[in-house]
């Protein structure tokens, strides 16, 4: 018994000694047990595990918090970013998107800029030739004999109207003194000129929006099929309205160019600085508003048009200044810093604006390739047989760019700045015209090739071969209520439905000419193609329909209500190809 009691006492002492050792050396016990590592027993400091933290927590667990303990905690505490991986990954993608915006935006801007150049050069190069061909057709018509219902094709009529508008507006612009307008604007104060320039920008957008409608109304009134010859009198008021519009718009752009010229020639350059700061005010008005893809597309088109217009205005300013200094090339280097500053500020404002709009509205940078494919689709579709408009008109509708007023002003400035005298001067003018024609043809070929590539990349080839009467992409199949509404009454024979095949032309080249229509009035619409067989199965005897029950009427009303609600929600989800023209040439449609 004595030995047993002695062994028990010795074991108790050993256990007590071991417990004291563990309390004195917690780090070694945890290390030996394998619990040291990424465990919650020891807090992580800046890259290592500190045993002093464990001892301090055991010693000061019951003590009150102190300033020293707070400072030490702030200096040694850590955190893990991987606990919120999704948020930081999204932030990184936004940074990458902002870095991609300048490249993708400038690709769209360059493509749209050359589209505007193509439409602008068309007025100086191909339009005079097309007008001469139309006049030649009118002169040779009595000799060749009249065959057909039209004297001229619709495209030739539109070309003749454009040529007459250009000639009349150019002759009217001779009565406007550019020098008097320049000195009248220069006598105003800086603040007044700043307000005038802002008002001119707003007026330019309004004129561009309403002007294309005026021109479209003129073209359609002149080319639509008419039953009586007296109906052609309606072309006269539309023509004078178009001439008045082009003349007023040309004067407005002339005032803009004069104001910019005054800003360039001012001594302290204060007006030029204020006018450039106006571009940065545009960031405030657009960045912090909600944008969708369609609204951003409209604003991108407006930025393309504004950039091209500003380049033409800078060209006019340089021509007027070079004329005043007798075409001294040294003065061109004096103007170069101001021109570079205006162009750089325009590009920088567009990049900053689009970068933050895409960031705040969660829009990816790939959307600009879709916008470029949509512009390319307009160009390619205007080259088809069944084209319903010229590509210059499609550019005007899409971007709000109307080349006629700008062309009238540029011709007026060039004719007043450059004096053509002698045979050598006329030879130089003719060679310059041939150069413009060559540039126009090369630009059109390159644009057409690039447009075909963009359309193929966007998988939009199927839309090119759809007929003009094809349903839009957002069209919805008729509901049961619509089918019941158009159900034939009893007593009429029912014809078995034959699946209609789309009528496509055997050759769908983008460079072939459209086939003219011989009859002035379109035939009544038919359900099938002209190539469909005329034989049809015999019609079965008429069947009497039972009157719809009250339950079916309630279902039809519910379906109509659902269709109306779906139509309301569908209006905001338009296809990019269906956006024809926006309200104020680049302003959003909220």
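Every residue number used here counts from 1 along the chain in the order it is shown.
Quick reminder: no glycine exception, Cβ is built from N, Cα and C everywhere.
Worth saying up front: this structure is predicted, and the values here are computed from it rather than measured.
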Transmembrane segment range according to TrEMBL, out of 235-255, 256-276, 277-297 | 235-255
Taking 164-185, 186-207, 208-229, 318-339 as the choices, which stretch does TrEMBL tie to transmembrane segment?
-> 164-185
Candidate ranges 424-448, 449-473, 474-498, 499-523; TrEMBL annotation transmembrane segment resolves to 424-448
Between the transmembrane segment (424-448) and the transmembrane segment (108-125), are there three or more C-beta pairs closer than 8 Å, counting only pairs 6 or more apart along the chain?
-> yes
The answer for the transmembrane segment (401-418), taking Cβ pairs under 8 Å and residues 6+ beyond its ends, is 116, 119-120, 122-124, 162, 165-166, 169-170, 173-174, 176, 178, 207-208, 211-212, 215, 246-247, 249-250, 252-254, 257, 304-305, 308-309, 312, 315-316, 319-320, 322-323, 392, 395
Tertiary contacts of the transmembrane segment (108-125), defined by C-beta under 8 angstroms and 6+ residue spacing from its ends, are 162, 166, 300-301, 303-305, 307-308, 312, 350, 368, 371-372, 375-376, 379, 391-392, 395-396, 399, 401, 403-404, 406-407, 433, 436-437, 439-440, 443-444, 446-447, 450
